Amino acid sequence: MDLTATSAAIVAGDGVATSLPTASGGSIASADGSVVDGSHRETAPRGLDVDAAERACRQLLWALGLDLSSEAVVRTPHRMARAFAELLTAPEVDFTTFPNEEGYDELVLVEDIPFRSLCEHHMLPFAGVAHVGYLPGSRILGLSKLARLVAHAASRPQTQERLTTRVAEELDHRLRPRGVGVVLHAQHACMSLRGARAHGTWTRTSSLSGELTEDPARRAEFLSLTRSRGGATP
């Protein structure tokens, strides 16, 4: 998917805000005019056409043998299209950073960030928790932005491996810290509902960079803190 940068930087106080890239093109309107929390605007993937998606869902259900005249099913194509549109609509993030005036140089870690995404192989959901941390350099980040970054990155079909890497690379690119660590712990519907039908299994993926890769003590600290997390339904 081709990504383009969004609006120009916004300066708030002594903080510097930049917007994460969002997919260009059409968007769908949310009930409140596509604005949440003032700066949390919903942006849809390029080319998302809810009407066309509804027609395609109707064709799919017909091909699967469902009775589209049934009262219970007649609105299902519309609901399906809106559900997928919601899953694929990424929240825009104003990525505000601040000077690290205290010179804090230890790990910053936000644990158990809930997320959901879609497996690109079967278009079935996978969901779990993310643990995202970094070693500050000259700037620090508002903690809520780590959760928003995960939500932004998760709003597209992908593998868990790619989502893990995307969160880590975006954080490293935007903040330029001394190190980044991301661990995702998730359950996959494509494993539990079909195929192996391995209900209750969890998949753990990780991505580390900078000092969290190069310094054995830092790496061990991050992995020990996150290894004990997860394993329960988020």
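Each position is counted from 1, following the chain as shown.
Just so it is clear, glycine is given a Cβ too, placed from its N, Cα and C backbone atoms.
Record features (TrEMBL):
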type	residues	note
BINDING	CYS119, HIS122, CYS190	Zn(2+) binding site
DOMAIN	54-226	domain 'GTP cyclohydrolase I'
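CYS190 (Zn(2+) binding site) has a Cβ environment of 16 other Cβ atoms inside 10 Å. Secondary structure at CYS190 (Zn(2+) binding site), as computed by DSSP, is helix.
Report note: the Zn(2+) site is defined by CYS119, HIS122, CYS190, and the residues of the same chain whose CB lies within 8 Å of the CB centroid of those residues, excluding them, are LEU118, GLU120, HIS121, MET123, LEU124, PHE126, HIS188, ALA189, MET191, ARG194. Mean pLDDT for the domain 'GTP cyclohydrolase I' (54-226) in this predicted model: 96.
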